[in-house]
Amino acid sequence: MPLNKDIKKVLVIGSGPIVIGQAAEFDYSGTQACEGLKEEGVEVVLINSNPATIMTDKKVADKVYLEPLTVEFVEKVIAKERPDSLLAGMGGQTGLNLAVELYDKGILKKYGVNVIGTSIESIKEGEDRELFRNVMSRINGPVIQSEIVTDMENGKAFANKIGYPIIVRPAYTLGGTGGGIAESEEELDEILALGLQLSSIGQVLLEKSVKGWKEIEYEVMRDSRGNCITVCNMENIDPVGIHTGDSIVVAPSQTLSDKEYQMLRSASINILNSIGIKGGCNVQFALNPNSFEYAVIEINPRVSRSSALASKATGYPIAKVASKIALGYTLDEIKNAVTQKTYACFEPSLDYVVVKIPKWPFDKFQGADRVLGTKMMATGEIMAIGSNFEAAFLKGTRSLEIGKYSLEHKKFRELSIEELKTRVISPDDERIFALAEMLRRDYRMDKVAEITGIDKFFIKKFRWIVEEEQRLRLSKIDDLDKEWLYKLKKKGFSDKGIADMLKVNPEDIYRLRNIWRINPVYKMVDTCGGEFEALSPYYYSTYDVYDEVEVSKNKKVIVIGSGPIRIGQGIEFDYASVHCVKALKKLGIETIIVNNNPETVSTDFDVSDKLYFEPLTEEDVLNIVEKEKPDGVILQFGGQTAIKLANFLKEKNISTLGTTADQIDMAEDREKFDELLEKLKIARPKGKGIWSVEDGLEEAKKLGFPVLVRPSYVLGGQGMEITHDEKELVYYLSNAFQKDKKNPILIDKYLMGREIEVDAISDGEDVLIPGIMEHLERAGVHSGDSITMYPTQNVSKDIKEKILEYTKKLALGIGIKGMINIQFIEFQGNLYVIEVNPRASRTVPYISKVSKVPIVDIATRVMLGEKLNDLGYGVGVYKEPELISVKVPVFSTQKLPRVEVCLGPEMKSTGEVLGVGKTLEEALYKGFIGANMSIKKEKGTVLATINDHDKEEFLPIAKKLHSLGYKFIATSKTAELLKEEGIEVKQVRKLKEESPNIIDTIKNDEVDLVVNTPTKGNDSKRDGFHIRRAAIERNLGVITSLDTLKAIVDIKFKEIKDETLYIFDLSN
């Protein structure tokens, strides 16, 4: 039992949906914490709204509440479960803010709940900018010259006093949200107003900019007795001025002198002791590169993105140790899980280099402002481990899946030196490639260091890589001798990177390596620099003499992970990978995971029998397969990242379990798939590939408008659009053919029907559908951005039977063994197939939890040859539950400047929440609250700008809103429509007309909700785009789908109140 015998039942608050600034790292740390508490015999109650997580599985906590993360719903859980304690620091900023609010409102006191781990007072001292500054003053800790402000007037006065640029940091926000660097009073007006609005306590810290100083982080653990260790220190390659979540980070720090290292280490420990932290804490410093001057930027008195990185970089399980400290244990009483010999009071030591590189969503949002600053924009990250910096960095670059295997980027070849300088002075996600091009042109290293703020140590490393690339470019393959190839491999060059420079095939380099026996060995991450034997096999590749992998002769399977979190491929795929591993382990099969994401549960050291922290490229995966010689490789759970390895593994005669490469190709190749549908007599929307604007117009005439147009070979709906007339179609096609003349544009009849989705399992003979899901929004909104309902609410028995029939025909026709995801449209009583994915999809965690069918477990067993009829869940459509569960998407577009907000065929959401209720309205109400949609407001003002073809449908919804007491503001045509129906409306000028116009209405806070149905997709020159962006940047609700608006209005009519709703424990 825990040292503190009074702790019997602990409430853990999760972090909710994945948004930019708060991603999968909290699933990893929350899962670890729950396990750590349960190991000590403590009952764990969890509240978290995110169904895509491992954390919300029924076996992770004793009681699992997938409910909105608001004070009202957390109080309901506390009232029902009566925990004696609350652990606040595992749910990111969301969990911390909730814990503080529960404390301030007296709810914790009312129910006798104690906060364990770091106290609320200590959390406030770490999070409240003014209290933190007072602590620093008390211990003589240097801080940057700053002022705490709560209004615009004082903010401007301070800025005028110390001069620009000024850094704006709101209190209690996430990932730098609402912050930024103001270079002028005009910029300060905009950033400060938003920062004050988004801070939960209306407080902002303004500080003098030390942009260009080094940014250093320490991850520190402290127990209740004051024992303190630094787990890991990390150096941001990018200087202060770029959010640490958007920075390239290296561990351990590479450029600090011993004096600097010890100085900052002592300062970190001093801060933790002064605040009284109990658990993990992240401390961020700014260090003057030209002196020993430093300042504390901020601390995070909780587990964080950096603590997940530090855990994976060192093998030290920070969240688990923090949970034990919260129970009263001291560091010298907690065993190191990796070595089982040392204790948690031993500081880890690293004999390797770790590099973290962020993954940005700009491939999805090509019009976005890519310049990096103090506001985080990355959706995820990769981690790479090497025996030297160059190896780790090059591994990291190819792990990003951006098609880069070197530091060369074609588009920078055309730029002048002045243009390249601009690209690194205003750094964006591609700055390293611009920097490399400058070095390629012999720009002086000290000058590059000066203008970028990147230490000369790193510039020298990049220079060496660039010089080797240049040397290869000027060579032939015959010039490549054994010694040179070994040196390149040791420094992280890939076969493809070398081959591209030599203009040969990667296979040629692979052949040479085999002739010369230049193959990687694998070293272990052991937390102690090899001083003690590690029991948890966690490996990285290097080109060295001694190999630390022991290859067994057991039956074994390699599971390929899904890589970094990104829009379209999120935490859902990590959930599936982890469940696959658990299923294999239950069957007594040795499990091996290959992945490169430091935020996830799959890369925890004790999930699989072996973990290889490696890039998910053909070469890196093949090296592991050749080392381990598994009985098979599973690709179905790693999203497109894993699936795209299928053909390569087939060419190498490597067995993939389940669906084969040819079968995957049948589902993904349009022509082959069309042939199959024809053969099976299954309908799909009519369409074809076209090669010119004229062809497109001709085809559209045959099909009839509206039509869905999209480029060939895209993922996540990228570049898709619905066009309603010839003018829109010509505009889309002209742009599309200008970008890509080599591939056809696909044009389909757009059916404005009901979209229905299934995740099914096939064993080659039978099919099991755990649940049929219905989308609230009509077809045309990407399935990942749609509200999903289960059980279906409007699907007839006949259509359900047809869905089962088509699913079985398709699964058996393709030859699926394992998972298949199918999307259907029901239109005018007919059923059409629109898409088939021969793998696990993003709805698997959701439907697994709400149907209570262990989908991944069953699919894994089927891949290994078992039959559905023997697995206890039958075949056909599984029985439907009584409760209704909705999955509501969550967006991060506010954090991405110049990004389109409206829903369409291209996916934009970063996360999701679950709403569970006895009725659809109750479930939707909870889902909307959990997704932070402003649904509780009784009345307000709606700004409506409605597209012509939506006006008729909008009218009855507008009448309902009017009857509820809402007022309207609208532009001319929409205003006329409302007036004709007797609805009072204030007419407002359009964007191009003189002030006050529609944008002024938004900026002057005259509006509570914006309803805008767009006319032309992603054209940022149009009024609608600017209206939506202005609203989202003022933190207003923006609705672009009338289906969503109708659902919200229906809920308001039901007058649902928090106090009347039930909460549901989904662990049973």
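Cβ coordinates are placed from backbone N, Cα and C, and glycine is handled just like the others.
Look at Swiss-Prot and you will find ARG129, ARG169, GLY175, GLY176, LYS208, VAL210, GLU215, GLY241, ILE242, HIS243, GLN284, GLU298 tagged as ATP 1 binding site. What Swiss-Prot records for GLN284, GLU298 is Mn(2+) 1 binding site. Here Swiss-Prot flags GLN284, GLU298 as Mg(2+) 1 binding site, drawing on sequence analysis. Annotated Mn(2+) 2 binding site per Swiss-Prot: GLU298, ASN300, in sequence order. If you look up Swiss-Prot, you'll see GLU298, ASN300 marked as Mg(2+) 2 binding site. Under the heading ATP 2 binding site, Swiss-Prot lists ARG710, LYS749, LEU751, GLU755, GLY780, VAL781, HIS782, SER783, GLN823, GLU835, citing sequence analysis as support. Per Swiss-Prot, Mg(2+) 3 binding site is recorded for GLN823, GLU835, and the stated evidence type is sequence analysis. Residues or ranges marked as Mn(2+) 3 binding site in Swiss-Prot (evidence: sequence analysis): GLN823, GLU835. The Mn(2+) 4 binding site annotation in Swiss-Prot covers GLU835, ASN837. According to Swiss-Prot, the feature Mg(2+) 4 binding site maps to GLU835, ASN837. For 133-327, the entry in Swiss-Prot reads domain 'ATP-grasp 1', with the evidence type sequence analysis. The region 'Carboxyphosphate synthetic domain' annotation in Swiss-Prot covers 1-401 and rests on sequence analysis. Here Swiss-Prot flags 402-549 as region 'Oligomerization domain', drawing on sequence analysis. Residues annotated as region 'Allosteric domain' in Swiss-Prot: 933-1068.
Distribution of Swiss-Prot features across the structure.
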residue : record                : CB count, 10 Å
ARG129  : ATP 1 binding site    : 23
GLU215  : ATP 1 binding site    : 24
ILE242  : ATP 1 binding site    : 26
GLN284  : ATP 1 binding site    : 20
ASN300  : Mn(2+) 2 binding site : 22
ARG710  : ATP 2 binding site    : 21
LEU751  : ATP 2 binding site    : 22
HIS782  : ATP 2 binding site    : 23
GLU835  : Mg(2+) 3 binding site : 17
ASN837  : Mn(2+) 4 binding site : 21
Of the binding-site residues listed (LYS208, GLY780), the greatest number of other CB atoms within 10 A surrounds the CB of GLY780
What are the DSSP helix/strand/coil residue counts across the region 'Oligomerization domain' (402-549)? 80 helix, 10 strand, 58 coil
Measuring Cα to Cα, tell me the gap between GLN823 (ATP 2 binding site) and GLU835 (Mg(2+) 3 binding site) in whole angstrom. 5
I want to check the contact list for GLU298 (Mn(2+) 1 binding site): same chain, sequence separation of six or more, C-beta distance under 8 angstroms. What comes out? PHE132, ARG169, GLN284
State the mean pLDDT for the region 'Carboxyphosphate synthetic domain' (1-401). 93
Mind tallying the region 'Allosteric domain' (933-1068) by DSSP state, helix then strand then coil? 58 helix, 22 strand, 56 coil
Can you count the other CB atoms that lie within 10 A of the CB of GLN823 (ATP 2 binding site)? 19
Checking the spread of the ATP 2 site as listed (ARG710, LYS749, LEU751, GLU755, GLY780, VAL781, HIS782, SER783, GLN823, GLU835): what is the longest Cα-Cα distance, in whole Å? 18
Counting distance between Cα atoms, which of the binding-site residues ARG710, LEU751, HIS782, ASN837 is nearest GLU215 (ATP 1 binding site)? HIS782
Return only the integer: C-alpha distance in Å from ASN300 (Mn(2+) 2 binding site) to ARG129 (ATP 1 binding site). 12
Which of the binding-site residues ILE242, GLU835, ASN837 has its Cα closest in space to the Cα of ARG710 (ATP 2 binding site)? GLU835
Per DSSP (helix/strand/coil reduction), HIS782 (ATP 2 binding site) sits in coil
When distances run from the Cα of ASN837 (Mn(2+) 4 binding site) to each of the binding-site residues ARG129, LYS208, ILE242, LEU751, HIS782, the nearest one: HIS782
Can you tell which of the binding-site residues LEU751, GLY780, HIS782, GLU835 lies nearest to LYS208 (ATP 1 binding site) in space, using Cα positions? HIS782
Quick one: Cα separation, LEU751 (ATP 2 binding site) versus GLU835 (Mg(2+) 3 binding site), in Å? 14
Inter-residue Cα distance where the pair is HIS782 (ATP 2 binding site) and GLU835 (Mg(2+) 3 binding site), in Å: 11
